[in-house]
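Peer 1: These came from Swiss-Prot, pasted as-is:
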- 493-517: compositional bias 'Polar residues' (COMPBIAS)
- 651-666: compositional bias 'Polar residues' (COMPBIAS)
- 17-70: domain 'bHLH' (DOMAIN)
- Ser247: phosphoserine (MOD_RES)
- Pro402: 4-hydroxyproline (MOD_RES)
- Lys532: N6-acetyllysine (MOD_RES)
- Ser551: phosphoserine (MOD_RES)
- Thr555: phosphothreonine (MOD_RES)
- Pro564: 4-hydroxyproline (MOD_RES)
- Ser576: phosphoserine (MOD_RES)
- Ser589: phosphoserine (MOD_RES)
- Ser654: phosphoserine (MOD_RES)
- Lys706: N6-acetyllysine (MOD_RES)
- Cys797: S-nitrosocysteine (MOD_RES)
- Asn800: (3S)-3-hydroxyasparagine (MOD_RES)
- 1-401: region 'Interaction with TSGA10' (REGION)
- 21-30: region 'DNA-binding' (REGION)
Amino acid sequence: MEGAGGANDKKKISSERRKEKSRDAARSRRSKESEVFYELAHQLPLPHNVSSHLDKASVMRLTISYLRVRKLLDAGDLDIEDEMKAQMNCFYLKALDGFVMVLTDDGDMIYISDNVNKYMGLTQFELTGHSVFDFTHPCDHEEMREMLTHRNGLVKKGKEQNTQRSFFLRMKCTLTSRGRTMNIKSATWKVLHCTGHIHVYDTNSNQSQCGYKKPPMTCLVLICEPIPHPSNIEIPLDSKTFLSRHSLDMKFSYCDERITELMGYEPEELLGRSIYEYYHALDSDHLTKTHHDMFTKGQVTTGQYRMLAKKGGYVWIETQATVIYNTKNSQPQCIVCVNYVVSGIIQHDLIFSLQQTECVLKPVESSDMKMTQLFTKVESEDTSSLFDKLKKEPDALTLLAPAAGDTIISLDFGSNDTETDDQQLEEVPLYNDVMLPSSNEKLQNINLAMSPLPASETPKPLRSSADPALNQEVALKLEPNPESLGLSFTMPQIQDQPASPSDGSTRQSSPEPNSPSEYCFDVDGDMVNEFKLELVEKLFAEDTEAKNPFSTQDTDLDLEMLAPYIPMDDDFQLRSFDQLSPLENSSTSPQSASTNTVFQPTQMQEPPIATVTTTATSDELKTVTKDGMKDIKILIAFPSPPHVPKEPPCATTSPYSDTGSRTASPSRAGKGVIEQTEKSHPRSPNVLSVALSQRTTAPEEELNPKILALQNAQRKRKIEHDGSLFQAVGIGTLLQQPDDRATTTSLSWKRVKGCKSSEQNGMEQKTIILIPSDLVCRLLGQSMDESGLPQLTSYDCEVNAPIQGSRNLLQGEELLRALDQVN
């Protein structure tokens, strides 16, 4: 038993010794292996700090890659580098916009340049020897295998096998936008544009030791260029580069202005146009595939292609396109392109598309040249052609707009004959031009040119059907077949008198129009439904609150507002014309002073009183028989008294601006004109409205009961003071205090109510509105007699209404007698 136990102990001791020897042998082998790997690592063309920290697997991987590279270099016909080439080797990688990568036919990266760390964040030794499929996007693996395949089949005669490769590859990148390095597990995908070719190398010893022929070695040599994101472009863009943005269907939504200098296109004309319209036809297939890759991988570089210039020819361009994704839903939003123009315009005389023919058929000229040629040939062109050209070129009209400090020269609307404007105005009385169609063709042309209404609205006879202010007018209103009249107004003449010394300054600085005919515009009967007489009340009333002045609602006739009630028990002291003081002198504009047959300054030196008297004789009345009776109504507007200090004219208080604008009118300005005028003359009314209406009837015509009922209704009113009497009348008043210059006279507004009766539905209405102006006040305040026109008091204007066929107005007891006879 003891012998058996001793034998077992010996066996245990021997086994332990063997194990210890085995461990020592293994330790010795590992140490020798480590020494070999250490020596092998230092033989690799790597920095010492890199090679000293490599593990055995890395050393083997790098060594195998190095041996393969050496095999490729030995297989190729390499020239002996001289000293100059050796010095230039260090600059090659700096000149590249990417890194160099060499792949075997199975996808191993046997070589990669050391500048890969600059673009991808991964170091050279981390990638060398690894398979490219470990670092690329899974969706690109199939395309990558196709690029690595070299087909050795038969090639058609006369054609060489294509060994060029160009594709886009998504590879892992550990660089952040700030240039920092992240973990490989958090790496993002960066698009690389890989261009290169396949090389097939035959070794020097074509046969192995066993007598078998070795297959040629195939590798893919690539230059990988990362496509920068537009938001991370570090290098400033030069003058040969322009940016563009496109929708997902490749239509321009933005383009840089530099494209104008490079290709001739204006950025505005490219918006909404597809970029395919400007590609050269031979490059369309290549660009279509490139755009397909862009939507698949997010970024592409088109390479050099031809893009058509505007006036013919093409330029070579290289574009970097990037798809911009929405940060919320990660959906593609737009495409941003950085376009590098690498050449000038080539074959600029050659036309490639229809867009380029537009410049040949329609040469583009500058706006300045067009306007110069247009106005230098204006004598030989008619007005219609000039209007058409100006209408087609609205942008060119801005060249004609006056700038600050320019001298404004009033245009002469008269003819080119030897007759002056004074002689033209002498031919026809001025009121005929203002209120009635002129018989003079020259004056008609002037009126048409000054009219703010469209040219299609030709002047028609003035008619009115809504002013039964006088008893005789009311009688004619109720008649079934009234007659219409055409009135002609004249002014008495006096001798020429020189104006006061202060008139010169007024003439020089006055920006007013040339004649009173420019202060009016007429409204045709076609506008009756929109431009009713109640609009005049709302337009010139101080307390109006109407929001819509052009109201088309019909209102009943307010009979109490047509004429004042004059009680018989009160004895009003009515004054005749000879008891009134003559008109006072006023300064006139040079245009009004030239019209000798119509207006002349008087001898008075006081400021003018805004009065007007019109006499219609039987010789001047023209009766025209028609189906219905048409009224003739004239609404004349006057400004405040001239002795009130005037403020500088503005666009809202004057119907004409300093530059001669004709856009302002009572019907357009509305309430704003009255408000501005009230601010400039707060102590006096701004507009005095006078309605003159006259008819001819048979003297023996009797009033029917309707007239009596109308007058009875009128007499129910009471007169509290003069102001209320003025506002109640149907005819506005003209009053002024000639002896008191310090106080301003309150002027009343004409209040008119109008409607259409059933018998007058077909009648046509025409209203003449004379816009308020100081010039009109001065013009109308002057007459042609040595003794000026008499000043009318409030009672004269209200009571002494002109009756049929009479040149003189009833006065005093005769008027009271006439009123008693009516009752």
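Cβ coordinates are placed from backbone N, Cα and C, and glycine is handled just like the others.
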Peer 1: If you average the pLDDT over the domain 'bHLH' (17-70), what number do you get?
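Peer 2: Across the domain 'bHLH' (17-70), the average pLDDT comes out at 89.
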Peer 1: CB neighbours of Ser247 (phosphoserine) within 10 A?
Peer 2: 13
Peer 1: Helix, strand or coil by DSSP: which one applies to Ser247 (phosphoserine)?
Peer 2: coil
Peer 1: Looking only at the region 'DNA-binding' (21-30), how are its residues distributed among DSSP helix, strand and coil?
Peer 2: 10 helix, 0 strand, 0 coil
Peer 1: For the domain 'bHLH' (17-70), what are the DSSP-based totals of helix, strand and coil residues?
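Peer 2: In the domain 'bHLH' (17-70), the DSSP-based counts are 46 helix, 0 strand, 8 coil.
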